[in-house]
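Asker: Once you've had a glance at the structure underneath, I'll fire off some questions.
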Amino acid sequence: MCEARHLRLSRVLHGLLNIVKMLGGNVMWFRHGLRLHDNPALRHALQDRRTPFFPVFVFDGETAGTKVVGYNRMRYLLEALEDLDTQFRQYGGRLHMIKGKPDDVFRRLWEEFGITKLCYEQDCEPIWRERDESVRATCRQIGVECHQFVSHTLWDPDTVIRVNGGIPPLTYQMFLHTVAIIGDPPRPVDDVDLKVTNFGVLPDCFYKEFVVFEKTPKPEDLGVYLENEDIRMIRWVGGERAALAQMQQRLAVEHETFRKGSYLPTHGNPDLLGPPISLSPALRFGCLSVRKFYWSLQDLFQSVHQGEMSSQFISGQLIWREYFYTMSVNNPRYAQMEGNPICLDIPWREPHGDELQRWEEGRTGFPFVDAAMRQLRTEGWLHHALRNTVASFLTRGTLWLSWEHGLRHFLKYLLDADWSVCAGNWMWVSSSAFEALLDSSECACPVRLGQRLEPSGQYVRRYVPELTNIPDKYIYEPWKAPIEVQQRAGCIIGRDYPPPMLDHLEAAGRNQSAMQELRRILDKAQPHCCPSSEEEIRQFMWLQDVPQFDVSA
């Protein structure tokens, strides 16, 4: 009797399980692309409103750049997730934030609900390939459809490479030529309407098998802690809604700049003290659609100039981003020297003593460099002119240390550092790739460039308070101040602030000679190791003002 009852109960439970599985389910897997607007993967996941919908972010220790991550970067990511969660909760759902392996999470969703579709935005960089191939293999095994959509980049890098004959464009100008053949990038897709969404609810077993966060975790919950006192002058806020508001502020600045007949408002005369107008952190995490920003710029330019087509200069920084992404797609060793086919094997020296640590902590004795490195650690941000300054100082300009040290540091602390763009910039500035063979003879002088870009010295005083009372005349070279001036300023060099860790001019001369000798030995450049023009190099290194265009006609 008991056996018969048990058998009937088993059949009932099996039937109920089949009913639940018949419900199916569609999953939107958030990685980058942490937004609702212009999200074709999200639109596809929501095609059938009757089917349970599961928006998911998986903390796997790598996704969204969390393998090497500092406090500011993690906080920005978590704020972006919280913003998504808040928006879903307004419509009765939530963002399921789960700690585990993505393929394990999706297999269990299939076992519990019979999910049929997994949608996600393309992560084109090769560092994500193993993760994505593992998930696709699992989905093939259990019969779940995988749908990938290109929206983190303007163009599909694979398409660019195919149109260019199967290899990445050798130069930036060749990249421009190739995408001109492809045509304009797609415009943003329509926003989703969440009003009638059938949000799925995770069963209790998920809370036993995985760490499921009932609310957005703090960095500390994920083992990431604040290293120093939180003394940020600038507060970067993550999330789609903040990003969209920031874009409107940026477009107002661009409108005024276009109206005056210029572009790139911070390029010729960068403002190192004012609130930054860059949207790169929002673009890096996908809180803001790159296509939305690109087309907003293009449409704004044409409205100001009565339909005139814009030059690539107004969106040049976005195009460089595309170029670096494309260069990395088929090169898994793109972010290292060894085995990297586009990178010159420059014989950088090994760090001596604590010199690398002094650069990282902003204790080099060069105020412009130190201010920038301290801003990076406290705020997670640096203007590109400052990035080039500290990168040049670490590599060919002064210390002659490998760009790989700098890349690791930036990937941890810089809010907008993604693998391909950050590595591409480091290779360029260090003369390791993307320029003529060791031909960029000019490097950013940590004294002269500071004096030119910010002669008041207020930027240095903001981030290196030891130098607050040093007169303007000596703010970039405090070691030259007479001892009585140092005493009056309450800053004795060697006691309150370090002396220069080496003679920059002597080191720069020595490094330039080393580059010339390497050029003689190597004779020719690596593939992809060449710029389009000298002007391109000078603009990239912020060594000249950008040109203006004529609006008098």
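Cβ atoms are placed via backbone N, Cα and C, with glycine included.
Pulled from TrEMBL, these are the listed features:
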- 24-154: domain 'Photolyase/cryptochrome alpha/beta' (DOMAIN)
- Tyr263, Gln317, Leu318, Ile319, Trp320, Arg321, Glu322, Tyr323, Phe324, Asp416, Ala417, Asp418: FAD binding site (BINDING)
- Trp348: site 'Electron transfer via tryptophanyl radical' (SITE)
- Trp403: site 'Electron transfer via tryptophanyl radical' (SITE)
- Trp426: site 'Electron transfer via tryptophanyl radical' (SITE)
Asker: What number of additional C-beta atoms lies within 10 angstroms of the C-beta atom of Glu322 (FAD binding site)?
Answerer: 23
Asker: Out of the binding-site residues Leu318, Trp320, Ala417, give me the one sitting nearest to Trp348 (site 'Electron transfer via tryptophanyl radical') by CA distance.
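Answerer: The answer is Ala417.
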Asker: Given a separation of at least six residues and a C-beta threshold under 8 Å, show me what packs close to Trp403 (site 'Electron transfer via tryptophanyl radical') in the same chain.
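Answerer: Correct list: Trp348, Ala391, Leu394, Thr395, Trp426, Met427, Val429, Ser430, Ser432.
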Asker: Could you say which of the binding-site residues Trp320, Phe324 has its Cβ with the most other Cβ atoms inside 10 Å?
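Answerer: That would be Phe324, with the most Cβ atoms nearby.
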Asker: In the structure shown, which of the recorded sites Trp348, Trp426 has the fewest other Cβ atoms within 10 Å?
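Answerer: Taking Trp348, Trp426 as the recorded sites, the minimal 10 Å Cβ count falls on Trp348.
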Asker: Counting every protein chain present, what is the number of Cβ atoms, excluding its own, within 10 Å of the Cβ of Leu318 (FAD binding site)?
Answerer: 21
